[in-house]
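Listed in TrEMBL:
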- 58-75: transmembrane segment (TRANSMEM)
- 109-129: transmembrane segment (TRANSMEM)
- 194-218: transmembrane segment (TRANSMEM)
- 221-293: domain 'DUF1736' (DOMAIN)
- 284-301: transmembrane segment (TRANSMEM)
- 366-390: transmembrane segment (TRANSMEM)
- 396-416: transmembrane segment (TRANSMEM)
- 423-441: transmembrane segment (TRANSMEM)
- 466-499: repeat 'TPR' (REPEAT)
- 500-533: repeat 'TPR' (REPEAT)
- 534-567: repeat 'TPR' (REPEAT)
- 579-612: repeat 'TPR' (REPEAT)
Amino acid sequence: SRAIKTNQDLLPETPWIHIFYNDFWGTLLTHSGSHKSYRPLCTLSFRINHAVGGMDPWGYHLVNVLLHAAVTGLFTNFSRILFGDGYWTLIAGLLFASHPIHTEAVAGIVGRADIGACLFFLLSLMCYVKHCSTRGSSPSTWAWILGAGLCAGCSMLWKEQGVTVLAISAVYDIFVFHRLKMHQIVSALYKRKNLALFFSIGLLTSWGTALLGARLYWMGNKPPSFSNSDNPAADSDSFVTRTLTFFYLPTKNLWLLLCPDTLSFDWSMDAVPLLKAVNDWRNLHTVAFYAGLLLLAYFSLKGSSNERECNGKTVMNGKQNANGHSCHPEMEYKTLEVKSSFVSKEENGLKKHEIQKLQLPSTENIVILSLSLLIVPFVPATNLFFYVGFVIAERVLYVPSMGFCLLVTVGVRALYVKAQKRFLKNLVFCSTAALIVFYGLKTVVRNGDWQNEEMLYRSGIKVNPAKAWGNLGNVLKSQSKISEAESAYRNALYYRSNMADMLYNLGLLLQENSRFSEALHYYKLAIGSRPTLASAYLNTGIILMNQGKTEEARRTFVKCSEIPDENLKDPHAHKSSVTSCLYNLGKLFHEQGHYEEALTVYKEAIQKMPRQFAPQSLYNMMGEAYMRMSRLPEAEHWYVESLRSKSDHIPAHLTYGKLLALT
């Protein structure tokens, strides 16, 4: 709702340049309550969607699906560089196309930020691959690295994690293109070899530093602040709890990639219980995860045993590259006819009599790149450098899932090569095909959950019951299922009793059904849970005013009008509630015959009024106050303003008609 339906940056009357000063939700980026999610290119795509089709969701979903198709095509094309033409590239592409973890990013419109970032992420990486293959042989190499830098910047402007493509490009250059090992990097740097490589890495580092510096400056050099329910571990006072939980969360994310059986639209609050002690059995998962990760990285970086050093140059299978970069004859783009050894022939599932057309990276090289693709884009979500506003977010795994798909593919290929019997080879191949089919079926089923809000929220009850029941209550209320909605709100509060929004929503439901005493009770609980909830003050004041408790109502409205909008998640909604409070306070003064005081309050309301606020009633009441004071020209002015803002506002027609009759 906030990213599209109530985002003023999508409207044609809003200058498009505002997109580059506001966050993803339309709040000024430097505002203390801003989420600091700076994604102007995604917001711009929403604005184009809005200009073409308004609020019809079909066009928004079409763009998301087309972007996912484009990303899948680019990823498959990139996989060809690693696996060549054949089944393994197809398997990698199908794994990515069908993975259920992508459902939120593709089916949920705001997930477009992740898809767009991934699109330019891959474009940047492909440009850098071209730069590597043309470096030292063609002047166009600098155009390619410029393209890589520009696409990396665009990826970051779609979503923050896009800038990590620069690190992935460096990994590709060092470990895949040049095929260096860890000990060779230091040696090459010390002996000043491969200067072109280190110059390219220097350019990537400088550009990445510049992008991050500009990003930090543009958001006011301040990190965002989040509520404790968004990320409970970050709010914990215990260092042990924070550490154990933050170390465990990547393990949980990997499990979602490996076995996406349980998915949810929201993983905040208590969806993942905190790890409060060392004896929590989930710590075993954490240890196993990091041990496996380190072993995989160690053996990949160490390299295979058929390598040796010869005069500082790498030699493999008795062949040495003249440029000293690699043990292989040049790289991927030169067509070769090499009658390979068993390993190089069979690694891609080729038979012995076949001739390998492309020199491909080794399994170790691909594993290093896959691990980098899996880990590096996920680092911003780990709470390592700054706290984030979620516990787990499936859409955040869209980019890292590329590394996962490559890792699964290279693992399956290794098993296929190791298998001696045809039966075992067929078993590996059929198991992989079954995995793709199961992933596809799960994606179809999960798409069913995203058909409408009610199905989506019901599907999330077992993961995050408090949030799911609360959102389901809103849906049921919009369907006029009042008793079911009330039951849903109470279920939400059963799981988490201090949710201010749920307390307020339940109070609003009771107020609309004339259960005013109960409504007041829940409004007071909501205010106690969140003292800055202006809408709760507003409705409390309205009930008190209708009950004739004018002094209590006045105090409530005044207190509401004094609440600042600092550090609030949605300052626009807050300002609307404050304006409504001032309107009702002015109305209270007006009914008591204090017209001067009413006018003062109305003028304050106009000053604090946000752009999206509908002002016709406020303008009409100003006209009435001037009318009572016999200041007819001013009254006429405000009646006309009321009708200009909403031409079918009936109260303004009536009051303006009385004025015209009088004059």
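Backbone N, Cα and C atoms are what each Cβ position is placed from, and that goes for glycine too.
Whatever TrEMBL says is automated annotation, not expert-curated.
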Within the repeat 'TPR' (534-567), count helix residues (DSSP H, G, I), strand residues (E, B) and coil residues, in that order.
25 helix, 0 strand, 9 coil
The transmembrane segment (396-416) versus listed stretches 194-218, 366-390, 423-441: most Cβ pairs under 8 Å
366-390
Can you tell me how the residues of the domain 'DUF1736' (221-293) break down into helix, strand and coil by DSSP?
36 helix, 0 strand, 37 coil
State the mean pLDDT for the repeat 'TPR' (579-612).
92
What parts of the chain pack near the repeat 'TPR' (466-499), using Cβ distances under 8 Å and only residues at least 6 beyond its ends?
229, 264-266, 268-271, 453-454, 457-458, 460, 505-506, 509-510, 513, 529
Short question: which residues 6 or more past the ends of the repeat 'TPR' (579-612) have a Cβ under 8 Å from it?
6, 8, 14, 534, 537-538, 541-542, 545, 550, 553-554, 557-558, 560-561, 572, 618, 621-622, 624-626, 628-629
